[in-house]
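The transmembrane segment annotation in TrEMBL covers 16-40, 87-112, 124-141, 147-165, 186-202, 214-234, 288-311, 332-351, 357-375.
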Amino acid sequence: MKFTNLEAFAEKNQRLLLTTVLAVFGLCFSLLSLGNHYFFRTYAYDLGLFNNALYDYAHFRWNDNTVKLYQNILSDHFTLLHIPFAIFYRLFGSYTLLIFQIAAILIGALGAYRFHLLKFGRPLLSLILLLHFLLMWGIYSALAYDYHDNIIAAMMVPWFFLYFHRQKWFKATLLFSIILLSKENMALWAVFLSLGLAVIYFRSRPQLKSALVYALSAALYFIVVVKFIVPALAVGDRSYDYVNKYAVLGNSFSGIITNSLTNPWQVLKLLFVNHTPEPANDWVKTELHAMILASGGWSLLLQPAYLLMLIPIYAQKLFSNHALAWGINYQYSIEYVPVINFALAATLSWVSASRRLLLALLVLFTTGWATFRSFETRIAPGLDKAAIQFYKKKHYRRFFNVEKAYQALKLIPAGAPVSASPVFVPHLANRDYVFELPVVGNAAYVVYLQNEYPEKITDKAELSLLHRVNQLLRSPDWEPIYKEGFILILRRKPNTPAEESVIFK
């Protein structure tokens with residue numbers, strides 16, 4: 001099938017088409033992510049705790065995070081990008097990180113387009129690959145749930161690949177550094193990204209050498225941060241917490257490595273089987289593999305260098321004790337987006353020019369179909385249709401009056417210590433003390449959203465919040481100052497002691 005006219009049109013209108021695509025998807029991403037925040041579908045975990053960190057950084061101090069009760073938020077995940085982002089906190093407020101997240105995705109997509117245009121010299125094919133990038137499920141699942149630093153890291157990968165390919169070492173190193181600084185586990189991913197590049201460019205001595213240097217640098221950075229910096233920032237003898245998420249393989253890094261090498265059959269099984277006692281998780285991993293294949297991930301089997309790049313991503317997802325990480329929900333799939341896109345491009349380079357566009361269009365169709373289908377139904381538990389279906393009215397509705405909620409929040413004085421229901425925490429994080437109910441701490445105000453989990457009235461989280469609020473209502477130290485609809489605001493009476501001590505971990 002010939003696409004001569006389409007190719008000519010794309011060649012002539014390259015800039016217009018590129019700008020239009022990025023603008024349309026930028027609008028969709030904004031409606032999805034910023035819309036969720038405006039309509040109170042962002043939460044204490046993770047936007048609330050990150051916004052509190054941003055507030056402290058904007059005031060030139062380290063963050064003692066009262067949401068997570070960590071003495072220093074960097075003792076949780078070592079994420080340094082919040083520090084430069086904090087410059088814009090006074091301008092964009094609680095939306096700052098979400099805006100940077102959207103911008104990063106569009107910038108990453110542009111980097112992929114630039115790489116493909118350099119590789120193929122065909123604007124139409126590059127545009128199709130750009131659409132493939134922007135339509136992958138990982139982007140939408142991530143945007144539907146708060147802000148996450150691994151999204152920033154993943155979106156730097158196309159530019160890193162581009163400058164590595166062009167041997168622009170200063171720019172490549174700058175992008176590589178951003179990946180490392182975004183989050184400590186992204187440094188481990190960067191090791192495998194670099195090893196994959198070493199395989200791809202093994203015939204080029206300068207690029208092979210550079211790839212190995214990058215891999216070694218990332219490995220050293222990861223070890224230093226995880227073994228020394230993070231524990232040093234923690235209170236007491238708390239070590240790097242996240243290794244405990246992989247107890248199915250071991251309780252330490254050395255144990256995990258040893259068990260993986262001595263029992264490879266178990267490792268292989270864990271890629272596919274449910275290793276929790278919950279039957280609801282039986283097909284969650286299968287759904288992930290199916291989504292990857294439908295999105296062009298079959299090309300990974302033909303491009304082992306790119307499959308190598310995803311080893312730590314598969315491992316951190318599928319070996320986790322927490323099944324919510326296995327599937328296609330949340331931010332846990334964003335790293336697949338650039339790697340699958342580049343693996344597909346590498347595979348298309350093997351195909352004759354006459355069939356290349358047809359295959360690219362076919363993959364684009366299956367990717368779009370799989371993504372939009374995932375908006376409606378998923379095997380993985382936890383799909384919030386209202387959060388991800390930005391094209392439907394329910395995305396712009398809540399079970400409470402949003403306008404009145406914003407008016408109610410204005411009753412909380414600036415800087416006053418506050419404890420709030422999860423959906424209010426991101427909007428109230430611009431203060432020294434902000435807690436997530438049922439933790440009250442030294443809060444002077446409590447903001448409670450009744451029935452925050454309307455689909456699960458008996459949810460343990462809902463009952464825990466309700467029980468704590470009822471305790472405060474019975475206490476002589478607290479008084480209600482606002483009650484309308486589903487929102488209740490309590491104030492601690494003057495000259496009364498703090499409800500709880502603030503103890504950091």
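From the backbone N, Cα and C atoms, a Cβ is placed for every residue, glycine too.
TrEMBL annotations: computationally assigned, not manually curated.
Outside the transmembrane segment (186-202), and at least 6 residues removed from its termini, the chain residues within Cβ reach (under 8 Å) are 149-150, 153, 157, 160-161, 164, 176, 179-180, 208, 211-212, 214-215, 218-219, 221-222, 225, 304-306, 308-313, 335. Within the same chain, the transmembrane segment (16-40) packs against the transmembrane segment (124-141): three or more Cβ pairs sit under 8 Å, each pair at least 6 residues apart. Sequence-distant contacts of the transmembrane segment (87-112), counting only residues of its own chain at least 6 positions beyond either end whose CB sits under 8 Å from a CB of the stretch, comprise 18, 22, 25-26, 29-30, 33-34, 37, 42, 47, 50-51, 54-55, 57-58, 129-130, 133-134, 139, 143, 147-148, 151-152, 154-159, 161-162, 337-338, 341-342, 426-427, 429-430.
Taking pairs at least six residues apart, the transmembrane segment (357-375) and the transmembrane segment (214-234) share fewer than three Cβ pairs below 8 Å and do not count as touching. Here the transmembrane segment (288-311) lies next to the transmembrane segment (124-141) in space: the count of CB pairs under 8 Å, restricted to residues six or more apart, reaches at least 3. Counting Cβ pairs closer than 8 Å to the transmembrane segment (147-165), the top stretch among 124-141, 214-234, 332-351 is 332-351. For the transmembrane segment (214-234), the residues of the chain that approach it from at least six positions outside its boundaries are 70-72, 74-75, 78, 176, 180, 184-185, 187-188, 190-195, 197-198, 240, 253, 505, judged by C-beta separation under 8 angstroms.
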